[in-house]
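The block underneath contains the structure these notes are about, expressed in structure tokens.
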Amino acid sequence: MSRALARRPVPPFLRLRSTVCEDGYWMGRLDHKDWLAPNEVLKVFANIRDPSLITSVFNKACGRRDYKPSEALYSLMIDKLACARRFSDVEELLARARTEKFRFSDEFFYRLVKMYGNVAEHPQKAIDTLFAMPSYNCWPSTKTFNYVLHMLVCKRQYEVVHEIYSSAPKLGVTLDTCSFNILVKGLCQFGKFDDAISLLHEMPKQGCQPNVTTYSTLMHFLCQRCQADKAFELFERMQDQDIAADTVVYNILISGLCREERVTEAFNLFKSMTSEGCYPNSGTYQVLLDGLISSGKFLEAKNLVSIMSKESVRPSFQSYKLLIDGLCSDDCLDDAHLVLKQMVGQGFVPRMGTWRKLLTSIC
């Protein structure tokens, strides 16, 4: 009976009473006449459970002659208010800090723009914060600037991206390769490929050099539009600049060739990877396997599945299903049976359609 009583949920009014009591205890710590260490104040705010009290507790702490707020305290308060979605309270704290000419670090503003971009889902506030940084005697770093660019590209606000990019000199920001890679991605997504390509010429003028990410983004755009030959032109250009291709680049090119049903070329490229110091990953195997199956090259696909098994790479359930169907259609029943055993060994359970296909082929 006592165990049953112990398991009963605590009534809401008791939980509220407990929260009020705990918050009251921690607020009372600010009334102590002894000197209050900064870490002690942080501990008080970390333990406040009701976010609506944050501002009043902050006013109480600032009313003490022996305490001045720190950046760590502002960060803690803003984190707690953001989690409670009390963004108007955040604005009040920032306005007060500006009035009192409090100086924040770039790292503080980096976290603040991330909060506006991710938690508040308010990109305009993130932009406003970026431009407001100089008024706090803090100039944005390239890292903070790039985050705002990336956020806008992810939210597909391409027109605004150019405005932010153009404001870099005014904000004292030195663009880096990451900045241009974000712009290349945004222009490709916006369908302005020629403008994206033009950045390859602009980057050296800004003291930056394209890297493998720059080229892979451009290649991805081309391969998605069945322009693998143009992607290979960029691949050769990249090699001429002594930029080593990585697995991502090979995956993009293999996928592009398969998309154009040039599976033999894709397979040859796959085989050349290791000689170039790149090693296939699960994505490489899967895209090539899908290409072989969709092109009706079922025996080659079966051999690739065997290689994948040795490399501890598991094909998808759909690939197994389509491969077995294809082998059955080509009367390669022994091969289909072998693939079925591998499928079960990988933990997949064949569905009724797969069994029906096998039985129909045998009969």
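The backbone N, Cα and C atoms fix where each Cβ goes, glycine too.
What TrEMBL records for 176-210 (among others) is repeat 'PPR'. Tertiary proximity for the repeat 'PPR' (176-210) is limited to same-chain residues at least six positions away from its ends with a CB under 8 Å from its CB atoms, namely 142, 145-146, 149-150, 152-153, 156, 158, 161, 165, 168, 217-218, 220-222, 238, 241, 243.
Note on the repeat 'PPR' (211-245): residues 177, 180-181, 184-185, 188, 193, 196-197, 199-200, 203, 252-253, 255-257, 259-260, 262, 276-278 of its chain, located 6 or more positions outside it, place their CB under 8 angstroms from a CB of the stretch. Annotation source TrEMBL lists repeat 'PPR' at 211-245 (among others).
Looking only at the repeat 'PPR' (246-280), the predicted model's pLDDT averages out at 93. Annotation comment: TrEMBL describes 246-280 (among others) as repeat 'PPR'.
If you look up TrEMBL, you'll see 281-315 (among others) marked as repeat 'PPR'. Residue counts for the repeat 'PPR' (281-315) by DSSP state, with H, G and I taken as helix and E and B as strand, are 26 helix, 0 strand, 9 coil.
Look at TrEMBL and you will find 316-350 (among others) tagged as repeat 'PPR'.
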